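Peer 1: Before anything else, here's the structure in question.
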Amino acid sequence: MSDIAPSPTPRHSKHNRKMGLWQVIALAVGTMVGASIFSIFGLGAHLAGPNLPLVFVLSGAVALLVAYSYAKLGSRIISDAGPIEFILKGMGDGILTGALSILFWLTYVVSIALFAKGFASYLLPLLNIPVTSLASSITEAGVVIVFLLLGLLGSSAVGKAELVIVVIKLSILGLFVALGVWSIKPYLVTPSFTPSAMAGSVNAIAIFFLSYMGFGLVTNASEHMQNPQKNVPRAIYLSILIVSVVYILVSLVAVGNLTLPDLIKAQDNALAVAAEPFLGKTGFLLISLGALFSIASALNATLFGGANVAYALARDGELPRKFNRKRWFGSSEGLYFTAALGIVFALVFNLNGIASITSGVFMVIYLFVLFSHWKLKGQYGGNPLIIATGFVVVAVVFLLLLKYQWSTDRGSFYGTCIVLGGSLLLEIIYRGITRRGFIQRQLTLLKKSEKDLIGELDKEFSQLLSHPQRRRSDMKDTP
């Protein structure tokens, strides 16, 4: 860690003012209630049938097992690298840790591309614009650039924008639930426990567990958060609770108002079609707007998280140093690289199947976080039974996902294996060329008071962020 003295710049400057609890919760909720609830709802109905609300309950319970480790470690290890920092402390600096860090950043990049393509697919039909390759490309690049510009305003602006978008999105879904709950047909939501229904429900749990993976974004924003010791656990648990309630209620209304054949037939816009029986064409329009807000908020949160991860990994030596250099408007190059690469993926590649590949990668990271927490439980605390249960459950869900990929889309299965192996190979090559490892950060918080915590974070920000006032001060002191 550098010994540069703290900058005289005020702690809460306009550009770097830290995010409050609800702004961080909005980032996590915005990521979780993203495209998945709108785009794969039909698939969930096909797999689980009337058991879909129960699937959301169980997948939320699995997410809480992983969230326990994130909350325990995230409240004590403050780093925008999030889970990679946990793995580093648990397993040390090695080839595997480096490969996981590269993999983790790439999941954000691909997610940005997925959200950009999803946004274009909803917006163009809504505006009656022909869905051509040119129109899609302009929309995909444009929406990423809009949120890139928002990111230049700083973390506080990102958090405030996300809070507004999430409130609008949840209000639309809340209206969907409030109006549709009265017309639910009980026989459509009666659980089925036949062997085929149970098998389909298990597969659905493996898929919809991924709808909760946005809670990890809280740890990627911890350096920009007020009082992270307390707010990291609060934000993680509250975001999962909010999203669970939304998923369960929305699935009850959708499954209870539309027959399974109709839900399955609708596929990508199943929720919009499910709103028509009690809201007519207005419901279709309303849910389509909700989908746009959902994807926009997920893109906003993911771009912010991906840029933070790129910056933190470059600072720690795992990505090229240029990723943490300050460029236009005082933002790190990691933000621009993340956005640019996301646009490239959206414009160049067909991303069918990439979503499940990304999901598999996240599960691998979850497993290593749980394993690291097991090794660190004596230092950072944690119930051994909860940690072990979480590891076993996530391992089973991961195997179920691989089985589902193998049965339904061999390309996704092979893609998952290639991405995992490719990241490992890339890390070996990169480390061999640069001969650089992680720089172990010293900002590990061991039972420190809130005042001490704020002081540590302010010192870290003063060392890592460029300020005009600091540069002028340095020039004056130069002989």
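Keep in mind that glycine also has a Cβ here, set from the backbone N, Cα and C atoms.
In case it helps, TrEMBL gives these features for our protein:
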type	residues	note
TRANSMEM	21-48	transmembrane segment
TRANSMEM	54-73	transmembrane segment
TRANSMEM	94-116	transmembrane segment
TRANSMEM	122-151	transmembrane segment
TRANSMEM	163-184	transmembrane segment
TRANSMEM	196-215	transmembrane segment
TRANSMEM	235-255	transmembrane segment
TRANSMEM	284-313	transmembrane segment
TRANSMEM	334-351	transmembrane segment
TRANSMEM	357-374	transmembrane segment
TRANSMEM	386-406	transmembrane segment
TRANSMEM	412-433	transmembrane segment
Peer 1: Relative to the transmembrane segment (54-73), which of 122-151, 196-215, 284-313, 357-374 accounts for the most Cβ pairs at distances under 8 Å?
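Peer 2: Top-ranked stretch among 122-151, 196-215, 284-313, 357-374: 196-215.
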Peer 1: State the non-local partners of the transmembrane segment (21-48) in its own chain: residues 6+ outside its ends, Cβ under 8 Å from one of its Cβ atoms.
Peer 2: 54-55, 114-115, 118, 122, 156, 158-160, 162-163, 165-167, 169-170, 173, 197, 200-201, 203-204, 207-208, 210-215, 217-218, 221, 225-226, 231, 234-236, 238-240, 242-243, 246-247, 250-251, 254-255, 260, 263-272, 287, 290-291, 294-295, 297-302, 304-305
Peer 1: Relative to the transmembrane segment (386-406), which of 163-184, 196-215, 235-255 accounts for the most Cβ pairs at distances under 8 Å?
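Peer 2: If we count Cβ pairs closer than 8 Å to the transmembrane segment (386-406), 196-215 scores highest.
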Peer 1: Under 8 Å for C-beta pairs, could you tell me which stretch among 94-116, 122-151, 163-184, 196-215, 235-255 has the largest tally with the transmembrane segment (357-374)?
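Peer 2: Highest pair count goes to 94-116.
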Peer 1: I need to check the long-range neighbours of the transmembrane segment (163-184): which residues 6 or more away from its ends have a CB within less than 8 Å of a CB in the stretch?
Peer 2: 22-23, 26, 29-30, 33, 242, 246, 249-250, 252-254, 256-257, 271, 274-275, 277-279, 283, 286-287, 289-290, 293-294, 296-297, 300
Peer 1: Residue list, the transmembrane segment (235-255) vs rest of chain: Cβ under 8 Å, 6 or more residues beyond ends.
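Peer 2: Beyond its ends, the transmembrane segment (235-255) has Cβ neighbours at 21, 24-25, 28-29, 32-33, 37, 41, 44-45, 50, 52-53, 55-57, 60, 63-64, 67, 70-71, 74, 170, 173, 176-177, 180-181, 184, 188-189, 208, 211-212, 214-215, 218-219, 225, 263, 270-271, 274.
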